[in-house]
Amino acid sequence: MALLPILEFPDPRLRTKAVPVDAAEVTSQAFQTLLDDMFHTMYEAPGIGLAASQVDVHKRFMVIDISDEKNLPQVFVNPEIVSKQGEQLYQEGCLSVPGIYADVSRADAITVRYLDRQGQPQELHADGLLAVCIQHEMDHLDGKLFVDYLSPLKREMVRKKLAKQRKHVA
């Protein structure tokens, strides 16, 4: 398995809107290998979700595993939220915005339709952390980041903090 490079804010490629995946592509060996590489990258980061857009693949799919043991991998291809209920404030972080956390308001429960890893249509009702994670990763597929929910001033502070972090690493 390959470790894929994760794009970091403010990389403009993170703003690219992803295109749908052809259903026939889902079961191809190349797509399955990419999914394995994405899970490997997510687990190593470590994270609980990774959208294809974050690894510079601008197609509508993402991988998620919110389990503590990292043994419940979920694949969402062409996800679509069909209903939302309630609202919750949740502190979010992001592999593309390392070291930054902020409160974001999201639907508390959602119903999402998608294709699974085998290309089969599924519908899932999710709440709590899973609902937040799905919404967060779907934002990536639309070229949106959790920092977009922040005020312009806070967003600029995040950009400067990340630039400073990168300078110290270089």
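Cβ from N, Cα, C; glycine included.
Under the heading active site, Swiss-Prot lists Glu137, citing sequence analysis as support. For Cys94, His136, His140, the entry in Swiss-Prot reads Fe cation binding site, with the evidence type sequence analysis.
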**Report entry** Remaining residues near the recorded Fe cation site, that is with C-beta within 8 Å of the centroid of the site residues Cys94, His136, His140
**Finding:** Gly49, Ala51, Gln54, Glu92, Leu95, Ser96, Glu137, Asp139, Leu145, Phe146
Query raised in the report: Under a three-state reduction of DSSP output, how is Cys94 (Fe cation binding site) classified: helix, strand, or coil?
Result: strand
Report task. Among the recorded positions listed here (Cys94, Glu137), identify the one with the smallest other-Cβ count within 10 Å. Result -> Glu137
